[in-house]
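Straight from TrEMBL, the features:
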COILED    34-96  coiled coil
COILED    157-208  coiled coil
DOMAIN    282-374  domain 'M23ase beta-sheet core'
SIGNAL    1-24  signal peptide
């Protein structure tokens with residue numbers, strides 16, 4: 001800051017200490033203008049510094065978000081593998097459950113058949129012994145065998161029943177665990193989506209910050225150029241007599257557009273965005289493609305050709321009778337100060353870089369320093 005103040009003081013002393021071809025009052029005005037420019041440059045540089053700090057913070061946050069997203073994805077992969085294993089375990093359990101149920105049903109059918117046969121045999125009594133072709137010991141042995149088999153079948157079926165109960169309980173537990181894993185996967189995926197959305201928002205913010213930085217840098221460049229222009233204009237001798245042309249009054253409503261294109265901002269419109277947000281348009285903005293030739297709207301003398309603060313590359317033509325036309329935001333300028341140009345003559349070309357500061361080609365018509373509505377002077381068939 002001290003260096004800036006010292007530089008400003010040195011510049012002011014230089015401006016006042018040299019014998020200029022103008023009054024001390026003019027030198028004071030130049031000093032004031034340059035001082036204001038320096039203040040504005042410092043302000044823009046401060047904004048650029050803050051913007052750079054914001055960029056670093058957003059980049060750091062993006063790194064953290066990316067790291068969290070990687071960790072979250074690893075967590076999702078682990079949960080999905082566990083869920084797949086759980087599904088396989090549940091499927092195997094269901095298969096064993098079905099097989100056990102089938103084995104139980106088969107054993108139950110065997111037991112029912114034996115019980116039916118035992119029932120048909122009846123109780124071992126005198127009548128059965130008398131009419132049977134088997135001896136009493138054989139009949140007694142058969143009866144004991146039936147009883148033993150029935151008891152065995154009952155034991156087997158009871159074991160199957162216990163196995164089925166245990167398998168059903170295991171299946172229920174596996175289903176609960178599967179539901180829990182599915183819920184964990186769902187929550188993890190939601191968190192991943194939230195992180196992805198946050199990353200997209202921060203990337204958009206980073207883009208806006210970089211755009212602002214470009215505008216701040218461009219503003220600083222323009223103001224530094226304006227400072228040089230002021231110093232050059234202060235050193236330049238007085239201008240020659242104005243161009244003695246017909247002016248533009250006889251051609252009202254008949255002038256050609258400087259370039260073909262859609263009018264995107266009109267005279268008197270208040271800008272709602274951009275670096276000049278809130279300012280009132282003193283001319284018109286014409287949408288134009290890069291590398292489009294730009295022409296003079298009427299004959300006149302070029303009184304300025306090149307860079308101008310707030311205009312960028314611009315051509316100002318004096319048409320006589322204090323009528324001026326200003327064609328600005330050119331990428332290339334084809335004419336020089338003092339040139340006499342004719343209507344439709346090429347004076348410049350549009351480009352991408354020239355319209356970075358504000359959109360479209362800019363055109364003004366002025367009479368005695370007062371801005372006029374260009375659409376009242378241009379031919380709008």
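Backbone N, Cα and C define each Cβ position, glycine as well.
Across the domain 'M23ase beta-sheet core' (282-374), DSSP classifies residues as 4 helix, 48 strand, 41 coil.
Within the model, the coiled coil (34-96) carries an average pLDDT of 84.
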